[in-house]
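S.K.: Here it is: the structure, laid out below.
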Protein chains: 2
Amino acid sequence: MAHSHDMPTDLTRNQELVLGTLTASSGPLSAYDILDRLRTEGLRAPLQVYRALEKLVDRGLAHRLESLNAFVACADAHCHRKGLIAFAICEGCGKVDEFADAVIESRLGAWAHAEGFKVERTTMEIRGRCAQCLKAA
Amino acid sequence: MAHSHDMPTDLTRNQELVLGTLTASSGPLSAYDILDRLRTEGLRAPLQVYRALEKLVDRGLAHRLESLNAFVACADAHCHRKGLIAFAICEGCGKVDEFADAVIESRLGAWAHAEGFKVERTTMEIRGRCAQCLKAA
DNA sequence: AAATGATATGTTATGTTATTACGCTTGCGG
DNA sequence: CCGCAAGCGTAATAACATAACATATCATTT
């Protein structure tokens, strides 16, 4: 297998370029970071990147990290939108770990049900230091 | 009692103005929203607001909503920084509900412990519709 | 093939959010 | 009084995001 991120075949050129850039990166990238890396491919304007990102995020192929104003490729080729995802972001090396927790999801659901709140989207981001960076320090 | 948010007495003038503006608002405000409301008080530059916000957030008197790039006064005069706080943000009316959940906090702690990740700060924001807005629709 | 509609694209300009850099002021402990 | 830390004011700029408009691409229907 070439790589674990088998890219969907129905992406447009811009979407493919943007997803490729995210996948190749070891950490989150801002839209402008992505743009800079794709100038050689002919991209010129922020909007070209933002539009591609919007589609990718909608499809669950990429995630937006709100606390960073940046984006990452989805770590799990199969996760596509099933349930709440939490992110652990290391301030040291910039690496992002993506995980799901059914208990947290159900607690949130319980709270929402009790309040009559209809959940549309949940953001959950942990900032701190990963094990590797702690060891190095 | 004048109001439930007994403002600390050791705030600087700018901090007091900013916190007062947040407290008076029914919803989150961006730094620039705050600035606009404080021009009459003599504030002129974004930095004056950002500096005040930084201190207020550090002290737990205000919170930053990452998914909105905006700020709210802490809803609970006594919450000052004890534990993880979640926010439910209504897309309809803009109201923000603030709550804590010990189970979620402990699940997060367990994950972090298992991974050797040192948590410094956690962001948790739910976007959706509040009961009142759902009823109105 | 022509007409239609939905989706994607390219480009310019602009809007919004946040920080850097610099210098002055104020208050407090030594 | 001196020195230092914290706060303040101002200007400039950086970083992030969208509006508005014109074109293009492609499948579907006529």
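Cβ coordinates are placed from backbone N, Cα and C, and glycine is handled just like the others.
Note: TrEMBL annotation is automatic and uncurated.
According to TrEMBL, the protein has these features:
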BINDING   B:Cys90, B:Cys93, B:Cys130, B:Cys133  Zn(2+) binding site
BINDING   B:Glu105  Fe cation binding site
S.K.: Count, for each of the binding-site residues B:Cys90, B:Cys93, B:Cys130, B:Cys133, the other C-beta atoms lying within 10 angstroms of its own C-beta, and report the residue with the smallest count.
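M.R.: Candidates: the binding-site residues B:Cys90, B:Cys93, B:Cys130, B:Cys133. Fewest Cβ atoms within 10 Å: B:Cys93.
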S.K.: Binding-site residues B:Cys93, B:Glu105, B:Cys133: which sit with Cβ under 8 Å of a chain A Cβ?
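M.R.: So none of them sit by chain A.
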S.K.: Compute the mean position of the Cβ atoms of B:Cys90, B:Cys93, B:Cys130, B:Cys133, which form the recorded Zn(2+) site, and then list in sequence order the other residues of that chain whose Cβ is within 8 Å of it.
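M.R.: Residues close to the Zn(2+) site, other than B:Cys90, B:Cys93, B:Cys130, B:Cys133: B:Glu91, B:Gly92, B:Gly94, B:Lys95, B:Arg129, B:Ala131, B:Gln132, B:Leu134.
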S.K.: Using a Cβ-Cβ cut-off under 8 angstroms and a sequence gap of six or more, which residues of the chain neighbour B:Glu105 (Fe cation binding site)?
M.R.: B:Gly83, B:Leu84
